[in-house]
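Have a look at the structure below, then the notes.
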Amino acid sequence: MKKALVWLRRDLRLYDNAALHHALANNDQVWVAFIFDTDILEPLRTEGLDENGLSHDRRVDFIWQGLQQIDKELRKQGGGLIAQFGKSTTCIPKIAEILGVNTVYVNHDYEPLAIARDGTIARSLEKLGIELESFKDQVIFEKKEILTNSNAVFSIFTPYKNNWLKTLQEKHIAAYECTPNKDQLAEIPKALQAPLPSLESMGFTPTGIETYLPPGSEGGQHFLEEFLHRIDQYQIGRDFPAIKGVSYLSTHLRFGMLSIRGLVREAHRRMLAGSMGATIWLSELIWRDFYFMILANHPRLAEGAAFKPDYDNIKWESGAHAQKLFKAWCDGKTGYPLVDAAMHQLNQSGYMHNRLRMVVASFLTKDLGIDWRWGEAYFAKHLNDFELSSNNGGWQWASSSGCDAQPYFRIFNPITQSQKFDPEGKFIRRYLPQLDQLSKKSIHAPWESGHIELEAAGILLGRDYPLPIVNHDEARKKTLVRYSIVKKANPESPAD
Ligand SMILES: Cc1cc2nc3c(=O)[nH]c(=O)nc-3n(C[C@H](O)[C@H](O)[C@H](O)COP(=O)(O)OP(=O)(O)OC[C@H]3O[C@@H](n4cnc5c(N)ncnc54)[C@H](O)[C@@H]3O)c2cc1C
């Protein structure tokens, strides 16, 4: 009898899952496991603990709730989820040995640390005579599947996307059948029977994330169906944070609660039927593949290297002054309402709209002169959808050091961005209620309002809302000087 263990990691779903499909297709008995890995969770518990010593991390809660759905579903079919709290490098070989499986099935992970972990586990399993089989699942095309005509890795998005679309066939987006035969999902042996570890037992507290982001495949499907009614207007609304223009599916995608193949199928079909919204949305999903591909081919990015090495010579602000500026940015106290409202959105919910990610990243690097890596780390800690490849890609795009990044001399103006993308100040008012009484003209730069309007709105700058911590025009000039070191290295770069 052939036995298998499917180890779920960032593919938390029981449908259209490549590893689960192959396990079911090739084995008589299959078990499913998830490890709350202490190597990942411990660093999340280093600061901000509550009075009971528990950490508030929305992602751990979101995963935990998604796993409850999986456990329930598996139990209905006779199995159940084997969930443990420990080091996956120890737990997985032990579980596999107790179960007596021939093979452990996983889906590829492209992050350097995860690749190293999988290598360690493969070697431990090998000693037990157990194989580790890994499949592509998180992306449509990976690693070197999409190459230039001269077989090189792309570093520019548009030709990559064109090639990606040209290569795409039905088979790349077909769903993997994951229906088990009767009794194929085996009962968990006594030695491994245990309830899902509680959040508290692992050092975490419930966060209430489910009140605005319904977890698991159920939650993801619900959001997807709702978005598909709006997808045809995506290109119109996607840049305006105050309106429901985007899908809000990134966290479900991050943890694999939805299948990327399913999303691409929906978008591609609509694109072929002429939907502009679906065409642009598909493009965003291709950006996701692009950044996964970039990280897989340039693992040094995970160690903090700039994609364009010249940019590592930039001298960023440092010392106490830099720390003070950074803290104001983190706390949403820069005095620039759109930047501050965006940071409040992130701090309160773990989400930030894409337009605002670009605005705050540009502000941090090009108005405050702070190293993009500080912002990248802050996002990594706070974003529910934190994804190493896209986060690194986004930060390097904004700071101009990335592949296909915006040129260094393009510096977002936080006031005109605000006027353009939140013209009524609706988004700002939602997160900065103290500015609610300001007119739509004044809300983007309150310090430019006269005393009479500020007083009528009940605002004293410096007391109710900060004065701007930098002057954008001066900061812009300073940034062009700061980046001149790059200009010298790339003399063909156009002047500002
Ligand atoms: C500085 C910065 C940091 C970012 N960090 C992350 C991150 O950690 N995790 C993350 O998933 N995205 C990140 N992004 C990309 C993007 O902002 C989010 O994917 C998007 O805001 C998620 O919201 P949504 O699901 O409603 O997006 P939609 O607009 O509905 O897009 C659909 C999906 O396409 C993908 N996508 C969209 N835009 C991008 C993009 N620019 N790059 C890569 N994939 C994209 C996402 O998977 C997203 O869920 C970052 C962007 C910037 C500028």
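Numbers here mean position along the shown chain, with the first residue as 1.
Positions of Cβ are set from backbone N, Cα and C atoms, glycine also.
Taken from TrEMBL, the feature domain 'Photolyase/cryptochrome alpha/beta' covers 2-140.
The DSSP secondary structure for Y234 (FAD binding site) is helix. Less than 8 angstroms from the CB of Y234 (FAD binding site) sit G245, V246, S247, G277, A278, I280, W281, each of them six or more residues away in the same chain. Under the heading FAD binding site, TrEMBL lists Y234, W281, E284, L285, I286, W287, R288, D289, F290, Y291.
DSSP assigns W316 (site 'Electron transfer via tryptophanyl radical') to coil, not to a helix or a strand. The site 'Electron transfer via tryptophanyl radical' annotation in TrEMBL covers W316 (among others).
Secondary structure from DSSP puts W372 (site 'Electron transfer via tryptophanyl radical') in a helix. According to TrEMBL, the site 'Electron transfer via tryptophanyl radical' annotation covers W372 (among others).
Marked as site 'Electron transfer via tryptophanyl radical' by TrEMBL: W395 (among others). According to DSSP, W395 (site 'Electron transfer via tryptophanyl radical') sits within a helical segment.
Considering only the residues assigned to FAD binding, Y234, W281, E284, L285, I286, W287, R288, D289, F290, Y291, the longest pairwise Cα distance works out to 22 Å.
E284, R288, W395 are the recorded positions among E284, I286, R288, W395 whose C-beta comes within less than 6 Å of an atom of ligand 1, given in sequence order. If you compare Cα positions, I286 (FAD binding site) sits closest to W395 out of the recorded sites W316, W372, W395. Residue counts for the domain 'Photolyase/cryptochrome alpha/beta' (2-140) under DSSP, split into helix (H, G, I), strand (E, B) and coil, are 64 helix, 32 strand, 43 coil. R288 (FAD binding site) sits 14 Å from W395 (site 'Electron transfer via tryptophanyl radical'), taking the Cα positions as reference. Here the CA atom of F290 (FAD binding site) lies 20 Å from the CA atom of W372 (site 'Electron transfer via tryptophanyl radical'). Put simply, of the recorded positions E284, F290, W395, the one whose Cα is nearest the Cα of W316 (site 'Electron transfer via tryptophanyl radical') is W395. The separation of W395 (site 'Electron transfer via tryptophanyl radical') from F290 (FAD binding site), Cα to Cα, is 15 Å.
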